[in-house]
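Q: Quick one: the structure is below, and I'll ask about it shortly.
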Amino acid sequence: MTANGLLQICGYLGVLLALAKPLGSYMAAVYEGRSATVRVLASVERFIYRITGIDPEAEMRWTGYASAFLVFNLLGVLAVYALQRCQGFLPLNPQGLPAVAPDSAFNTAISFATNTNWQGYGGEMTLSHLTQMLGLTVQNFVSAASGMAVLVALIRGFVRRNADTLGNFWVDLTRSILHILLPLSFLLALLLIGQGVVQTFEPYRNVTLVEATGYDRPKQDEGGHPLVDADGNPVTEHVTVSEQTLALGPAASQVAIKQLGTNGGGFFSVNSAHPFENPTPFSNFLEMLAILVISGALCHTFGVMVGDTRQGWVILAAMTLIFVPLLFVTVLCEQGGNPAFAALGVDPAGGNMEGKETRFGIVNSALWATATTAASNGSVNAMHDSFTPLGGLVPMWLMQLGEVVFGGVGSGLYGMLVFAIVAVFVAGLMIGRTPEYLGKKIEAYEMKMAAIVILVPPLMVLGGTAVAVMLDAGKSSVFNPGAHGFSEILYAFSSAGNNNGSAFAGLAANTPFYNLMLGLAMWFSRYWLAVPVLAIAGALAAKNYVPPGAGTLPTHTPMFVGLLVGVVIIVGALTFIPALALGPIVEHLMMIGAR
């Protein structure tokens, strides 16, 4: 690795970690009602509650909190589905795009409501400006805020004693949007517009190329069948292209929240590899920073709200300790180039630049890929399908760990806290003592709920992959034979089953089979995790505080960091290494053998 590349990585991590404390403290003040913005915008909050009929003083039990969360998200799914199906009749559709097909609309609606943002369609070719703004961008805000609300409820479960309520979902949702996501998104959008990210309602523009280009395409008969000559070779015709269509739209406003809310769904088909969505190295840095900044800062928010900031730093340290080594593995694998070249005696001096933008290079592409899959973001500035086998394995495995290495805003931290509960339970088994975490006893009920949280994503990933490779409907979308084709299917279900949204794009996923299967995987992986987390929160809130004793495991020490990292990695390794061995690992071995 070059000194320049190392400097870029250190600069990114330095800024990210430096922002964790101030932003985390601010978010804690927002949720506790201490922030100056809460006082300044109190009239706006009251107006929102009044027109929606919400009593902000009404507290909810965990069941009521979960019901509000589920109903709100279900209404979001229905709204986005209806908007896509009716977009041909609605305004702000300068290209006259027709309604989205039912299966694709179903998949997209669930995808954005669950904070996954899996995209089987091409954004600028499928969705109108209105659908992008009113449907997808709104869901980017509310799905992120929903995850943050669930996290806040879990934190209150640790803080409260002998209580049967966890707060008010509608208040937590409103404050997440009004005081955190909206201001940050507005600031980031302005910075991105300054860098050249487009923000307009104008229709697409046709421009004349400086130099015309041409290509040969197969000729077809009236029935659309390819023509062949007497020898069976395809008959082609030369086509000259002198114009290009430039897709435009309100991209900057959507890009800002798609990054900050760990949503990831791009305005354009190639996401942040598109120059209108990510034109400069500085815009690239800002968008990469936005992927992890809220998730990292929420660790400090957690520490502040539980009254011991060391607890938050321990969680952040565990996340960083997993993230950094895997980042270096990705960078080194991509800089090493295709292993098949080395086996053939070819010197890949420039590394593996396939599928990458030259304006970003290998380090920034690998850093983005690692960050976007450590978080449940899924946006890309390079094509993961073109990474080397081991370079692509790291993003896949980061998703398979459960999106707890930073993870989604809210969902990443509550997932890691579930692993922390498992870690103290394991430690309690070793010393024969009832485990405790933050002064609350961890008993059978909490462990049952934690088991559901940990087991549902692997069930979606491995079960979905197994079904896809057994059925013709699943195999027909694979155009790369062998191990890489299997990797594409495994990556798709790893992404959907962990609410990430990125893809090995060589898989033709916009089919009824994949739209249905991946849609169900996204739905269950989001809500079968959030509801058990709220159940844990309710159980913990009802318990009394247990003062730490001589046998209590300290959870603010480097030893606990190591224990937590070990639990996360062991669970991930035992669950997915056999499947990874059939995909990227065997593909790497085949490339070494140059076969």
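A Cβ is built for glycine as well, from the same backbone N, Cα and C atoms used for every other residue.
What Swiss-Prot records for this protein is below:
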TRANSMEM  9-29  transmembrane segment
TRANSMEM  63-83  transmembrane segment
TRANSMEM  135-155  transmembrane segment
TRANSMEM  177-197  transmembrane segment
TRANSMEM  285-305  transmembrane segment
TRANSMEM  312-332  transmembrane segment
TRANSMEM  412-432  transmembrane segment
TRANSMEM  451-471  transmembrane segment
TRANSMEM  516-536  transmembrane segment
TRANSMEM  560-580  transmembrane segment
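What's the neighbourhood like for these features in this structure?
A: Counting residues 6+ beyond its ends, the transmembrane segment (9-29) has Cβ neighbours under 8 Å at 35, 38, 180, 285, 288-289, 292-294, 296-301, 303-305, 312, 316, 320, 324, 327-328, 331, 363, 367 in the same chain.
Panel annotation: around the transmembrane segment (135-155), residues 31, 62, 65, 69, 72-73, 76, 79-80, 83-84, 108, 112-115, 117, 127, 166-167, 169, 172-173, 176-177, 180-182, 185, 253-254, 257-258, 260-263, 265, 298, 301-302, 305-306, 408-411, 413-414, 417, 530, 533-534, 536-537, 540 of the same chain, lying at least six beyond its termini, place a Cβ under 8 Å from a Cβ of the stretch.
Sequence-distant contacts of the transmembrane segment (285-305), counting only residues of its own chain at least 6 positions beyond either end whose CB sits under 8 Å from a CB of the stretch, comprise 12, 15-17, 19-21, 23-25, 27-28, 31-32, 148, 151-152, 155-156, 159, 180, 184, 188, 191-192, 195, 255-256, 259-262, 272, 278, 311-313, 315-316, 319, 364, 367-368, 371-372, 374-375, 377, 379, 381, 406-410, 412-413, 417.
Counting same-chain residues at least six beyond the ends of the transmembrane segment (412-432), those with a Cβ under 8 angstroms from any Cβ of the stretch are 147, 150-151, 154, 262, 295, 298-299, 302, 315, 318-319, 375-376, 402-406, 442, 446-447, 450, 453-454, 529-530, 533, 536, 551, 553, 555, 560, 563-564, 566-568, 571.
Same-chain residues lying 6+ beyond the ends of the transmembrane segment (451-471) with a Cβ under 8 Å from its Cβ atoms: 400, 402, 415, 418-419, 422, 486, 489-490, 492-494, 496-498, 513-514, 517-518, 521, 524-525, 528-529, 532-533, 571, 575-576, 579.
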Q: For the transmembrane segment (177-197), could you work out the same-chain residues 6 or more beyond its ends whose Cβ comes under 8 Å from its Cβ atoms?
A: 26-27, 30, 35, 37-38, 41, 44-45, 48, 141-142, 144-145, 148, 251-253, 255-257, 259-261, 275-280, 282-283, 286-287, 290, 294
Q: Which residues of the chain, 6 or more past the ends of the transmembrane segment (516-536), have a CB below 8 A from one of its CBs?
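A: Counting only partners 6 or more residues beyond its ends, the transmembrane segment (516-536) has Cβ contacts under 8 Å with 62, 65-66, 69-70, 73, 103, 106-107, 110-111, 114-116, 118, 120, 147, 150, 153-154, 157, 166, 411, 414-415, 418, 421, 445-446, 449-450, 452-453, 456-457, 460-461, 464, 467-468, 474, 492-493, 496-499, 509.
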Q: Other than its close neighbours in sequence, what residues sit by the transmembrane segment (312-332), given a CB gap under 8 Å and a spacing of at least six beyond its ends?
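A: Same-chain contacts beyond the ends: 1, 5, 9, 13, 17, 20, 24, 296, 299-304, 306, 362-363, 366-367, 369-371, 374, 387, 390-391, 394-395, 397-398, 401, 404-406, 413, 416-417, 420, 555-558, 560-561, 564-565, 568-569.
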